[in-house]
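*Asks:* The structure follows.
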Amino acid sequence: MTLLTVWADDEPGTPLRRTEDGEKIAAELGQLGVRFERWPVVEGLPAEPTSEQVLAAYAEQVARVVDTEGYVLVDALSMNPTVDPERAAQARRKFLAEHTHDDAEDRYFARGAGAFYLHIEGHVYAVLCEAGDLLSVPADTRHWFDMGTRPDWVAIRFFHEEDGWVGNFTGSQIAATFPDFDTLVATR
Ligand SMILES: CSCCC(=O)/C(O)=C/O
Ligand SMILES: [Fe+2]
Ligand code: NI
């Protein structure tokens with residue numbers, strides 16, 4: 001199940017709230033301007049789907065998000081346990097430090113799981129996303145993403161610019177002080 005955990009940003013050892021209730025997660029994130037939706041999962045994707053196969057499986061939902069949010073570029077990325085461990089570790093490191101984007105970050109998990117940590121107004125909101133979850137992080141929101149030591153996910157990404165993923169790293173070490181993806185999964 002999707003899991004939301006909230007801490008004060010200087011108290012990573014003391015969760016303030018924790019919920020697996022999708023409606024409560026959507027409501028709490030909604031107050032922060034973060035959109036959270038659940039879509040029915042399309043079964044039957046190949047083990048290593050191409051971007052085209054994933055986008056075709058979710059064509060209707062993707063078209064709705066593109067229309068309502070004005071995105072110009074959509075793709076799908078995937079990681080699975082057969083990926084070479086060094087490549088997996090490299091992919092994990094790319095998103096593991098706190099950063100922002102000039103663009104909103106809309107991600108839909110078609111398979112597997114990953115954790116987004118949103119650092120907003122003195123709090124950290126960890127959203128452990130699973131298949132069926134769409135999370136939309138507003139532009140300029142400080143955040144990081146952990147896919148864990150055995151990355152396994154397929155995600156659709158939406159962009160307002162043709163240049164795709166551009167991260168602005170804040171230089172903060174805060175990410176290292178919070179429970180990582182593997183720990184969130186183990187305590188769920
Ligand atoms: C699940 S898509 C890869 C993560 C990503 O694009 C990002 O910016 C994380 O912060
Ligand atoms: Fe990001
Ligand atoms: Ni508070």
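In case you wondered, yes, glycine gets a Cβ from its N, Cα and C as well.
The site 'May play a role in metal incorporation in vivo' annotation in TrEMBL covers Glu98. The Fe(2+) binding site feature in TrEMBL is assigned to His99, His101, Glu105, His143. Sequence annotations record features per position, and here TrEMBL assigns Ni(2+) binding site to His99, His101, Glu105, His143. The feature site 'Important to generate the dianion' is assigned by TrEMBL to Arg107.
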*Asks:* Non-local Cβ contacts of His99 (Fe(2+) binding site) (under 8 Å, 6 or more apart, same chain)?
*Replies:* Arg142, His143, Trp144, Gly167, Asn168, Phe169, Thr170
*Asks:* Near the Cβ of His101 (Fe(2+) binding site), how many other Cβ atoms are there if near means within 10 Å?
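*Replies:* His101 (Fe(2+) binding site): 19 neighbouring Cβ atoms within 10 Å.
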*Asks:* Which whole-number value in Å describes the distance between the Cα atoms of Glu98 (site 'May play a role in metal incorporation in vivo') and Glu105 (Fe(2+) binding site)?
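*Replies:* About 14 Å separate the Cα atoms of these two residues.
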*Asks:* Whose Cβ, among the recorded positions Glu98, Glu105, has more other Cβ atoms within 10 Å than any of the rest?
*Replies:* Glu105
*Asks:* What three-state secondary structure does DSSP assign to Glu98 (site 'May play a role in metal incorporation in vivo')?
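*Replies:* Going by the DSSP assignment, Glu98 (site 'May play a role in metal incorporation in vivo') belongs to neither helix nor strand, so it counts as coil.
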*Asks:* To the nearest whole angstrom, state the Cα distance for the pair His101 (Fe(2+) binding site) and Arg107 (site 'Important to generate the dianion').
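*Replies:* Arg107 (site 'Important to generate the dianion') has its Cα 13 Å from the Cα of His101 (Fe(2+) binding site).
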*Asks:* Counting only other Cβ atoms and using a 10 Å cut-off, which of the recorded positions Arg107, His143 scores lowest?
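*Replies:* It is Arg107 that, of the recorded positions Arg107, His143, has the fewest other Cβ atoms within 10 Å.
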